[in-house]
Amino acid sequence: KDIDECATGTHDCRADQVCVNLRGSFSCQCPPGYQKRGEQCVDIDECTLPPYCHHRCVNTPGSYYCQCNAGFQLASNNHTCVDINECDANNPCAQQCYNILGSFICQCNPGFELSSDRINCEDTDECRTSSYICQYQCVNEPGKFSCVCPEGYQVVGGRTCQDINECETTNECREDEICWNYHGGFRCYPRNPCQEPYVLTSENRCVCPVSNAICRELPYSVVYKYMSIRSDRTVPSDIFQIQATTIYPNTINTFRIKSGNENGEFYLR
């Protein structure tokens, strides 16, 4: 009957060896992952043997394991490395995420720009990029901007300011008044600006009848005209021209600023 030296302990295998019973004898072998070198068992470096790891191989006593580079993970065969879709797994981007091999990139929606951490998005202040982006005033908003106009104006084309003609829309002029539109607002003027002894002969001309004795010492006619004068005009500049008429012979024409020049902003040339 065969004696099992491995079971009875009558073998002389080293502590780092495995005893294998044979018929009439026994054999000293190295455990898996080791090989005999002389009488000693030394570790086999599996990283130098196929099947090779896809990315990195780490040798361990009696075994080995594979590692993957950042952005990859081990497949079920424990050798191959497959890309991790960071956008699906745990989207790290604040807005838009695009997966690439081994990594990902973040992008921002229009009106935002990528911050220094390459993940978060910061609002782009379009109003700082150019002082001409709006005709009047630029208002920055999250992801966009808007242009505003002063009172009496409306935004046209998103950036330009256009005067609102209140006389064509809504105004508070009475029936005996006419509406005059100007840049940024409107005014109500008397429909009949003539004062005694003048009478209205046309839309804006007042005439003093020669039959009235009072009229002999007064100008024959007075003409009312209204105009808009922008407040930001470069000065000096011509505002309007008036020319003496030759309809009435032997007439002396004089011109003067009757009122409104208390601060001396206007002058006659």
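Placed from the backbone N, Cα and C atoms, the Cβ positions cover glycine too.
Of the listed cysteines (Cys30, Cys57, Cys66), only Cys57 is recorded by TrEMBL as the disulfide partner of Cys47. Within the set Cys68, Cys97, Cys106, the cysteine that TrEMBL bonds to Cys87 via a disulfide is Cys97. Residue density at Cys47 (disulfide bond): 15 other Cβ atoms are found within 10 A of its Cβ, drawing on all protein chains shown. Counting residues of the domain 'EGF-like' (123-162) by DSSP class, helix then strand then coil, yields 4 helix, 18 strand, 18 coil. Through the fold, the domain 'EGF-like' (2-42) approaches residues 61-63 of its own chain, all at least 6 residues removed from its boundaries and within a Cβ separation under 8 Å. Through the fold, the domain 'EGF-like' (83-122) approaches residues 69-73, 142-145 of its own chain, all at least 6 residues removed from its boundaries and within a Cβ separation under 8 Å. Rounded to a whole number, the C-alpha distance linking Cys57 (disulfide bond) with Cys87 (disulfide bond) is 28 angstrom.
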